[in-house]
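*Asks:* The structure's right below; bear with me while I get my questions together.
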Amino acid sequence: MAAPCGSELPANSPLKIPKMEVLSPASPGDLSDGNPSLSDPSTPRGASPLGPGSAAGSGAAASGGLGLGLGGRGAASSSVSFSPGGGSGGAAAAAAAACRGMSWTPAETNALIAVWGNERLVEARYQQLEGAGTVFGSKAPGPAMYERVSRALAELGYERTPSQCRERIKTLRRCYSRVKEHGVGKRKSSYTFEQLEQVFGQGGWDAQPCQPVLINSSGLYQELESDGSTMEDYSQEDWGNHSQELHGYPTDQELDEMPVSKRTLKIKQESSEEAQKRDTMQNIVQILESVQLKWELFQSWTDFSRLHLSNKLAIFGIGYNTRWKEDIRYHYAEISSQVPLGKRLREYFNSEKPEGRIIMTRVQKMNWKNVYYKFLEITISEARCLELHMEIDWIPIAHSKPTGGNVVQYLLPGGIPKSPGLYAIGYEECIERPLSPDVERHALDPGKEGRVDLETLSAQASLQVEVEPTRIIYCYLGIAEVRTLQQCLFLHFQANAKTFSKEWVGINGFLSQNCIVDPGVSPKSIYIKFVEVERDFLSAGSLVECLEKAIGYPLKFNN
């Protein structure tokens with residue numbers, strides 16, 4: 001959890017004078033939170049809220065209606081400054097302020113919301129039922145809960161007593177309920193409805209838990225104008241505008257000021273990431289379909305308890321059908337290579353998790369009829385093999401200039417691990433295809449012989465074939481179990497005249513033959529990739545078949 005930026009303010013920061021707020025020394029510790037105004041943060045633990053001049057301050061307030069200003073956060077004792085109050089109701093205002101307690105700043109309120117959400121998740125784990133996921137009980141949080149919240153706030157630099165935290169939570173819950181039921185408020189707030197929805201949603205303590213939105217280190221909410229207002233005093237129209245402002249959505253003016261190149265780059269990055277995720281999921285679906293697994297209907301957690309999935313790695317898919325179409329379609333697919341399958345499936349079939357909430361909502365709204373799952377158990381070495389294919393980039397192998405006539409030497413890159421693992425060798429394939437119809441039509445049309453333009457002539461002369469984007473073809477999967485990755489790759493790429501042959505015999509023969517080139521002709525571009533795997537795991541699983549299923553074609557030099 002990031003510490004709020006307000007905790008870094010110097011002790012001599014400018015003083016702010018709250019409006020009509022006077023604190024009485026009679027109640028410095030247990031202060032309620034009925035005051036909705038937003039002003040300076042509280043004093044450090046162990047120091048009097050009034051500082052050295054508390055007695056004078058209370059006497060002056062009782063006689064002349066004086067206001068009190070507190071010093072900057074983090075000081076050992078708060079400095080006190082007095083300013084003339086206005087009117088004859090000073091004593092009444094002082095008494096009312098003492099009852100209400102010290103007000104909460106925007107940063108404090110947001111930190112409290114975040115801490116409260118975290119503590120509710122901890123409480124949920126204490127109440128977890130065997131084999132049933134996270135379930136909240138109906139018992140309201142007790143004093144211990146507010147003690148933990150108070151300590152957590154202290155770690156962030158905000159000194160609040162448990163009773164103050166309890167009163168503030170009550171106020172926030174009332175604010176949330178009012179906006180939830182009526183959809184309207186009166187004035188602005190430093191927190192959004194979405195934040196409160198995440199920690200108070202659907203009935204308060206019985207709500208579904210969700211990680212709260214934390215304030216960022218730049219003080220997103222700290223810079224809001226402290227106008228003494230809360231969410232209760234907030235109109236529906238202003239609420240939407242304020243929520244958009246808090247979440248940082250760009251306005252039309254900001255979009256106009258943003259350079260077009262930056263906007264285009266951001267869109268391209270997002271679209272590239274989405275395309276990569278889509279391609280990865282399609283690859284996983286292809287693997288699941290290639291092994292012809294049967295869909296299983298999800299009914300209860302009893303099914304999973306029989307399967308003993310707590311310590312298994314697997315490739316799994318989540319599917320669904322509808323009342324109109326019985327065919328089962330994929331909703332999601334994943335390789336659970338780091339987290340046990342049982343834990344991942346719980347997240348997708350537990351309505352209190354973000355993934356599970358999506359599925360539950362679609363079933364409740366009758367978008368889906370039934371939910372299904374399928375999985376293929378894999379070994380650790382097979383999981384690393386799939387990681388090698390889907391997450392590790394190819395490394396090109398350079399070659400020297402021809403020596404001794406028409407022979408080139410491979411130049412392996414540095415940094416190849418001296419440890420066991422898996423490695424793959426591939427080569428770049430160029431696919432040629434006939435000329436496009438337009439070029440063929442211009443070339444074969446006799447009626448246009450006298451008026452062929454320069455573009456057509458250039459196409460006929462230099463583009464006899466159109467080359468598609470190249471792709472790298474896997475041809476060999478190696479297991480560095482007895483030797484290290486570095487030793488295995490060096491053995492493959494050592495150019496030896498004795499191994500030269502016109503017929504390719506294994507991967508070494510292929511690499512040796514590729515070193516012999518005709519004058520003016522470059523050898524095939526060769527690539528490698530590798531991943532470290534513990535030696536004890538390398539002997540488990542069917543690694544070659546695993547990779548062949550993932551890439552969709554056989555490895556040429558492994559058979």
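Cβ coordinates come from backbone N, Cα and C, glycine included.
Below, the features straight out of Swiss-Prot:
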- 1-62: region 'Disordered' (REGION)
- 46-61: compositional bias 'Low complexity' (COMPBIAS)
- 103-173: domain 'Myb-like' (DOMAIN)
- LYS268: SUMO2 cross-link (CROSSLNK)
- LYS343: SUMO2 cross-link (CROSSLNK)
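Quick one: how deep are these features, and who are their neighbours?
*Replies:* Other C-beta atoms found within 10 angstroms of the C-beta of LYS343 (SUMO2 cross-link) number 12, with every protein chain shown included.
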*Asks:* Would you mind pulling the DSSP three-state label for LYS343 (SUMO2 cross-link)?
*Replies:* helix
*Asks:* Determine the mean pLDDT over the domain 'Myb-like' (103-173), rounding to the nearest whole number.
*Replies:* 75
